[in-house]
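TrEMBL annotations:
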type     : residues                                       : note
ACT_SITE : B:H271                                         : active site
ACT_SITE : B:H340                                         : active site, proton acceptor
BINDING  : B:K336, B:D759, B:G803                         : ATP binding site
BINDING  : B:E338                                         : Mg(2+) 1 binding site
BINDING  : B:R361, B:Q495, B:E566, B:S567, B:Q568, B:S806 : substrate binding site
BINDING  : B:D362, B:D523                                 : Mg(2+) 2 binding site
DOMAIN   : B:217-275                                      : domain 'Phosphoribosylformylglycinamidine synthase linker'
DOMAIN   : B:320-443                                      : domain 'PurM-like N-terminal'
DOMAIN   : B:459-609                                      : domain 'PurM-like C-terminal'
DOMAIN   : B:670-826                                      : domain 'FGAR-AT PurM N-terminal-like'
DOMAIN   : B:850-993                                      : domain 'PurM-like C-terminal'
Amino acid sequence: MKPKVLILYGYGINCDNETQYGFELAGAEAEKVHVNQLISGERKLRDYQILAIPGGFSFGDDIGAGKVLATKIKYNLAAEFSEFIKKGKLIIGICNGFQVLVKLGILPGFNGNYDRQEVTLTFNDSGRFEDRWVCLKINQKSKCIWTRGIERLYLPARHGEGKFVSREEKIRERLISQNRIVAQYMDDKGNLAGYPWNPNGSELNIAGICDETGRIFGLMPHPEAFLFPQNHPRWTREKIQEGEGLKIFKNAINFVKNKL
Amino acid sequence: MAYRIEVGFKEKIRDALGEKIKKRIIEDLNIPVSDVKTIDVYTIDADLSKEQLIFLCQNLFSDPVIQEFSINKPLKRDFDPVVKFGQSSAYFVSPKAKQSKFYYGVDWVAEVGLKPGVTDNVGKTAEKAIEDILKRKLNGNVYTSKQYLISGILKKEAIEGIAKDLLANELIQRWFIFDSKSFSEKGRFLPIPKVEIPHQPTTSLIDPNVADEELLKISQERKLALNLQEMQTIKNYFARPEVITERQKIGLDQKATDAELEALAQTWSEHCKHKIFNAKIKYKDKDGEKEIDSLFNTYIKSSTKKLEKELDYVLSTLWDNSGVIKFNDDWLLAVKCETHNSPSNEEPYGGAITGIVGVYRDPMGTGKGGKLIYGTYGFCTGSPFYNGGLRPKLHPKRLLEGVRKGVEDGGNKHGVPTVYGITFFDDGYIGKPAIYVLAAGLIPAKVNGEPGFQKKADPGDEIVMCGGRVGIDGIHGATESSMEAGEWISASHVQIGDPFTQKKLHDFLIEARDLGLYKGITDNGAGGLSSSVGEMAKFSNGFELELEKVPLKYTGLDPWQILVSESQERMTMSVSPEKIDRFLEIAKKHDVEAQVVGKFTNSGKFYSTYQGKPVTYLDMDFAHEGVPQMRLEAEWVAPEERGFSEPKLEEIKNHNSFLEEILSRLNICSKEYIVRQFDHEVQGTNVIKHLVGQDSDVYSDAVVLKPVFDSNEGLAIAAGINPKYGQIDTYWMATLSIDEAIRRIIAVGGSLKQAAFNDNFCWPSPLLSENNPDAKYKLAQLVRANLALYDFTISFKTPCISGKDSMSMDGTIKKLDGSEVRISALPTIQFSAVGKIEDIRRCVTMDVKKPGDLIYILGITRDELGGSEYYEARGEIGLNVPKVNPKEAIKLYDALSEAVDRKLVASAHGIYKGGLAVALAQISFAGGRGLEIDLDKVPTDGLNNIDKILYSESASRFLVTISPENKDAFEKIMIESVLGEIGKVRGDNIFKIITNGKLIIEEGIPKLKEAWQKPFKNF
């Protein structure tokens, strides 16, 4: 049976179609479900193995990117989300979805506490939205199931509020010591580097983190925007074998097939 | 009770917006400020308990990791008025910072908020979020404003200047300035921008049976923009006995209602009826005189209709909100390009965001409704570096940044990739800029068994209005845009588009479309409901609208205002009664407001009521066809007679530095910062991006999308715009724009087989008046551009499936000495092209690929530098404008398409502004490899002037590189076209051009690239 993926959409989420397509290519049965279909009970989160919160501009980024959607989830769907996480099911938040997850406190979710906000994603140091491809170094020690077998990724970052900031030094230390930092911005030679390689000024060049189980993953760059070779900005001059972003979705599907 | 919440960053957290503002104050306004911090202010006008407020601040308004908040008092961590530095008092200062020798203290607080009635999008979102948290209706409003804490030893006037020239636009925003001390004492509550219209809605009656003078007075006083002839037509209509008899039956008489005059003014406005394009024109040139009965019918429509018969991919043209062509067997493509010049001139951000969000509704409102797949932009403004003698209300730099930001927010927040665009600078646009926005959408080939490009409304169908609510904003947009800038402008005309609301509407309508829940759809743009319902009702031949049912932003609107308001983000649909419940249910799921506001009928009447009382009762055919035809005169004066000639210039001595100079010219150089700030990759479909090459930072000729996931078919997207050539002859300007757009599509691997245009004219007014003495010449320029459009769309078989004209590219601007001058823009026409790509995997980009690849120039280089960058750089215009030979061009384009299709081509690049030298430099630094070029091998028609060979802008030319093993096959395909093998790609980064064995250019490509990137590097 194909793993069932819930692609959350509505209220300005805008990468729902390509995220759905990415999961389908990876072998899932992916369904777009409107936020209000979950709230009304028309669809139940428990019927799915994977939840994807795609990128976009939910609520127009008003008040703070991801903030209002996080609020909507917190005050309408907290129990459903909590149950989903407890059962060890998979969640990915991409870009705006990542912003939602950190603002809900689901990430990093230290000590199994999934509702305390410890980190945030805020305005890029450049003060502007930018669409720029970034090189990512994947932490080989991370438990993240989404990035298994991946050493580096090349993906587009497209955001205005992607700068990762922790509440305090202790949080950074825990992120490092627990190998929660899954992906970091690097230059083309593999070194952590400043702008424009790090497009937003993130602490520790953080592009993505996971929870302690490695099943919940959030990242700013867009794996769903590199599903086939021609998405790559230089495919007409370099040999590109496959869409690198697809590997992320395949990992999740394989995990569900084997473990859930 | 109102509460005021302030939210700011904690100590040590970087305030990127504040830093950006600081940079612009220093660089753009030359005001030395030492620091700028920002604070978000939310004023909640509703009853809430203290606990609730604190809870909302903690959980909604602030980010606990980086922000802090205050309620009903200034946000301050360490407010200490005793600490002083010079004359300054401190505010929001950390103890550490105070010890720093760079610390000047916060001296001023500027708070910027919206004027009453201007839509507060963030406030609306906050209201919804509060209701979500509290699980109850808020029964009140949230208003947002922003505080700027500005440090520096400055006078209040300087802060006023910063507020006026940078932080706010006085048309839609207001500001309050305090020194920090008085702010802490009394600045806590600023007036709430609440709209209260203490007014009972009424419909007033106007007697049109009056003398001519009175008729004109009515038109002027009500800002109807109707001329005497049109007012007389209205007068005669209302005097018809049969009209009076019918009107008496429903309670009206020979007097017109205000709503009727307003509705007619909207429907008949230049904006909606294109009166100049439909005028009867007497055209005179040295060959004699002829009469043209409607430029639109004679040239545009006749070309398109002819091609529509011939080309089976052309499906629906020139009537709906956008033109429709076939994409493949399953999908149709709807494309529309618009301009939003007047509003952008007054409020660049608001004008542009409303423009792009508005044009999205065109594909959405075409046929059965399109799902948006891409947008493009075109910004024609004065030079951002302008420092001449005019004092426009907004400097071109600010205007450009405003429109850029408007398109950024409109596109990014709507989830539509802004994939391609142009910028073009000329100081003629200081009077009024030309701001192009284009949108395209996919419609299923069949919806409910009916062709996706068709729509209808049957008698008995419900009229449903969906999306945003109606307010007084945007009243008179259609009539105003037909007037000259500076004549008058009212705040109500400028709106701030709301991409968030419309994105919800978009998702809803796609679902409703796919469920077959509506029969027809159109957008509420110019003219509001009067136009949208009026247009849709042509299918049923009549309607009855109940205006009190229309959801309003606030009470107090008169019925006529409800009828013509152009409040944004609204669509009108026809829904059959048995589907209305399901339709409304889906709307609810998407949190979209949908309201039945009346019924389509077959009464033949434009009938609307307010609480049962008649508001309009016009005959449909009068409303839509009644507009009288204008009569105009055009007189062409050939360029020679206008004093144009070819200059005699000394040849360039140092070609290295001259090439750098040309590469740095504003209409040649890189504006990468614009492209980067548009999300051009959302939807995952972009396969040839606008920035390509080794470092992904050089413009591709065109952009290619793969809009359907499981198909490798694609679309090539580009545009052509060349206003400078129009100084000599608009015929060739239009031709060269067509040729450029096509060349761009061919260069990436497209073909002429399935391509189409949108034509968008932006013209200075060709209406004769005291301050427009050369109107006849401007009209002749328009005639010639249309003639070219006809000739070349027919030759290339590329129909104009939709388009738009904006016929008032003029503005009255103050000079430094205070006197006023009328500025007219260059006649401007943008051809936006889209062409089908059979297999995107065969596309090519312009960057050179491998060392040793052979470089070819295709096409003939002629003595055609009239209107060129080269002449302009040397202070000339010239006479020899480039010309296009369509037969030769088509042969070449077809051959190149075939060569690309057979994978023989490594790179292809059209030669555009700046000519061969610029094109060579671009392909070289894009590929990160040097070139070696022998100029003697460039095919010319006897041209032996090096400057001219390098910088001629002859049309229909390309640079192509191929791998040496493809030489024979490539040359064989190109056999019937003129081409020259002019050199090789080098392994290093040296750019070399020789002629007669003599080196004329030798330069490292980083230096050339730097020259090309330099002007906008800091933008």
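Glycine residues also receive a Cβ, built from the backbone N, Cα and C atoms like all the rest.
Worth saying up front: this structure is predicted, and the values here are computed from it rather than measured.
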DSSP-derived class (H/G/I helix, E/B strand, else coil) of B:D523 (Mg(2+) 2 binding site): strand
Cα distance (Å, whole number) from the residue listed as 'active site, proton acceptor' to B:E566 (substrate binding site): 14
From binding-site residues B:D362, B:S567, B:Q568, B:G803, B:S806, the one whose Cα lies nearest B:H271 (active site): B:S806
Mean of the pLDDT scores, which run from 0 to 100, over the domain 'FGAR-AT PurM N-terminal-like' (B:670-826): 97
Segment proximity, the domain 'PurM-like C-terminal' (B:459-609) to the domain 'Phosphoribosylformylglycinamidine synthase linker' (B:217-275), 3 or more C-beta pairs under 8 Å: yes
B:D362 (Mg(2+) 2 binding site), number of other Cβ atoms within 10 Å: 29
Recorded positions listed as B:H271, B:K336, B:R361, least Cβ neighbours within 10 Å: B:H271
For ATP: widest Cα to Cα gap among B:K336, B:D759, B:G803 in Å: 9
Other residues, Cβ within 8 Å of B:K336, B:D759, B:G803 Cβ centroid (ATP site): B:G323, B:C337, B:F757, B:N758, B:N760, B:C800, B:I801, B:S802, B:K804, B:S832
Chain-internal residues near the residue listed as 'Mg(2+) 1 binding site', provided their CB is under 8 angstroms and they sit 6+ positions away: B:G355, B:G358, B:V359, B:D362, B:Y436, B:V437, B:L438, B:N760, B:K804
Helix-strand-coil residue split for the domain 'Phosphoribosylformylglycinamidine synthase linker' (B:217-275), DSSP-based: 40 helix, 2 strand, 17 coil
Largest CA-to-CA spread of substrate binders B:R361, B:Q495, B:E566, B:S567, B:Q568, B:S806, angstrom: 21
DSSP-assigned states of the domain 'PurM-like C-terminal' (B:850-993) in counts, ordered helix, strand, coil: 53 helix, 31 strand, 60 coil
Candidate binding-site residues B:S567, B:Q568, B:S806, pick with smallest Cα gap to B:H340 (active site, proton acceptor): B:S806
Structural state of the residue listed as 'active site, proton acceptor', classified by DSSP into three states: coil
Candidate nearest B:R361 (substrate binding site) in space, where candidates are the binding-site residues B:K336, B:D523, B:D759, B:G803 and distance is Cα-Cα: B:D523
Sparsest Cβ surroundings (other CB atoms within 10 Å) among the binding-site residues B:D523, B:D759: B:D523
B:Q495 (substrate binding site) to B:G803 (ATP binding site) - Cα separation in whole Å: 23
